[in-house]
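Note sheet for the following structure.
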Amino acid sequence: MAPPAARARYNANKADNQIPTKKPPKRLNDKKDATGDAQVTGTKKEKRQKQAATVANSTEKTPLPATPIMPSVHTAFKTFVSARLCSAIWAYIADCDETFNYWEPLHYIINGHGLQTWEYSPQFGLRSYTYLLLQGVPGWIYQKIFNPSPILIFYMVRCMLGFGCAVMERFMYKSICQEFGIHVGRLWLIFQLFSVGMFVSSTALLPSSFSMYFGCSALAAWWQKRYSLAIFFTAISALLGWPFAALIGVPLVLELLLRQRDWRTFVQWTLISGATIALPMIAIDSSYFGKLTFAPLNIIWYNVFTSHGPNIFGTEPLSYYIINGFLNFNIIWLLALQLPIMLVMDYLIVPAKYKSTLNFPRYISLAPLYLWLLVFFAQPHKEERFLFPVYPLISLCGAITVDVYQRIFFRFKSLVFKIKAGIHYLDHSMFIAIIVMIASTLLGLSRVFALYRNYHAPMDLMLELNQFKATPQYRADEIYNVCIGKDWHRYPGSFFFPARNFRLRFLKSEFRGMLPAYYEGGINATQLVHPYFNDQNVENEHMYFDYDQCHFLIDFDEGKYTELEPSYSRRTKDWSIMKSLPFLIQEKSHKVLRAFYVPFLTDNHIKYGDFNLLKRKKTRNGS
């Protein structure tokens, strides 16, 4: 047992576990007071009063430390908005699925033309237009009122996504401070702000990012026992976003049904969610596809019940997520993975059991992360975006692990040095938290800088086309064909074209998979079934374009050439280099120094090629 004075000090610190706000904290439910402690009556109330008196007497002898430095909810929200707007401006598009499955159909909705993938073919219907409309309607209104350059619409949508992510983080921050304590809350705040994973995912136009916004908001509502809101947010995450994100809500539902036995709330809000989300979604998607379509069901069927499923797009070993998690969260990822073991050690070693959790045991409140990892680690087909929905939970579990290390350290130190009673564990262990925060921040900034430096060239290169539009050679009545070969997956999207008369064209390369094709003209373009689409990732010649009709060409010159992938920039009779930017050659660069930027070392151990924007000197028709 802990000494009485230490226990009193601990309880007093627990009472300070409130986030500073301009308004007094609200009650979490009718049975709890502002500090989250259950109100008692009769003899229990008298015992509580005696305990409070003991705490008061103890604190008179051992003065409590000053109120811990803790950013208010409003301050935290401002920092989140700043960080997410930085992501909106500087993050590059890392996943071609984001470009072709979301930015291109969104471009079609707003500007009337764009590339269509097989997932949007009515015969498959794996993607939802309802999700696109949530982002597309503000962009469409912006386009109709101001008629801006398409690139401004792109960044407007990105800033909107970043702001939405900051709202989610604000809600989660408040819940974490109330449920897990202000020390864990401030650690989570720092980890989130400098997380590379959040930098990449927060403004990505992907259902997995959308599911992160609402899935983590559902958890924040759950930790406050706002079950109806938690169910509704989970439904939005799974139906409008990514259906597999419903996995996050499984512990929530089990806790509600088995521990609380509140079937009425579950059934009532499940029906409300279905009526307000699923039914309008079915109506909208069915009108776009021209037949009854429920996209979440279609994507589950394809990924789970078809003979081929997503594995035809590639499989990865278990180490893929281990390495990817470290790149995105560095040491925080490693800390999060070991949290279950550390919680057991904390229970066995530290006498003062952790009781700052107001509502749930840790094994329930943190279960969504480890359930998610258990399921997705087992899948052969792995992608970075599959972990997006639980990214904030990685920061949270990392923060709790740091707190556990501090508690265990203080326990051993108190046994060795016989620390006097009444000293709180944070008084002697804050250096651990500071070291972790500094290390994770430096590694995060190093990684972000490396990503921008090594991979941002395609987005910067496309902006050069805006310079061509300002020249006398530009003709508004001509369609300009911008061709791309082996580097098709690095194309950032049609929003980077300066006007509507530019089109992306694919040249035949060594790639042998399915490529997208432009939506046909007409009001029923989304309802047409095309013979060149299939769900087997089999290439079709329909997607390839005539090389001689290209006005511009995007090509990465990395020193490797084949008959189908020559060095176009060396064909000086056909092309002039309009713009050239450095782009990392992974095979010729050091694995660690290409992943993290280290001053004075990185430049000596990595190799860049030239990412070129080429302009045709003279096409076949003489233009």
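Using N, Cα and C of the backbone, Cβ positions are placed for all residues, glycine too.
Those TrEMBL annotations? Automatic predictions, nothing curated.
Listed in TrEMBL:
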REGION    1-61  region 'Disordered'
COMPBIAS  1-15  compositional bias 'Low complexity'
COMPBIAS  51-61  compositional bias 'Polar residues'
TRANSMEM  152-173  transmembrane segment
TRANSMEM  185-207  transmembrane segment
TRANSMEM  227-254  transmembrane segment
TRANSMEM  266-284  transmembrane segment
TRANSMEM  326-348  transmembrane segment
TRANSMEM  360-378  transmembrane segment
TRANSMEM  390-410  transmembrane segment
TRANSMEM  431-452  transmembrane segment
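Sequence-distant residue pairs (6 or more apart) of the transmembrane segment (185-207) and the transmembrane segment (360-378) include fewer than 3 whose Cβ atoms are under 8 Å, leaving the two stretches without contact.
Here the transmembrane segment (326-348) has Cβ contacts under 8 Å with residues 191, 195-197, 200, 354, 362-363, 366, 369-370, 384, 391, 393-395, 397-402, 404-405, 407-408, 436, 439-440, 443-444, 447, 595 of the same chain, all six or more residues outside its ends.
Residues 179, 219, 222-223, 247-252, 255, 259, 318, 321, 336, 339-340, 343, 354, 386-387, 389-390, 393-394, 396-397, 400 of the same chain sit 6 or more residues outside the transmembrane segment (360-378) yet have a Cβ under 8 Å from a Cβ within it. Annotation: stretch 431-452 has the most Cβ pairs under 8 Å to the transmembrane segment (390-410), among 152-173, 227-254, 266-284, 431-452. The stretches the transmembrane segment (266-284) and the transmembrane segment (227-254) meet in space: the count of Cβ pairs below 8 angstroms, excluding pairs fewer than 6 apart in sequence, reaches at least three. For the transmembrane segment (227-254), the residues of the chain that approach it from at least six positions outside its boundaries are 128, 130-131, 134, 207-208, 210-211, 213-219, 221, 260, 262, 265-266, 268-270, 272-274, 277-278, 281, 296-297, 299-300, 303, 364-365, 367-368, 371-372, 375, 389-390, judged by C-beta separation under 8 angstroms.
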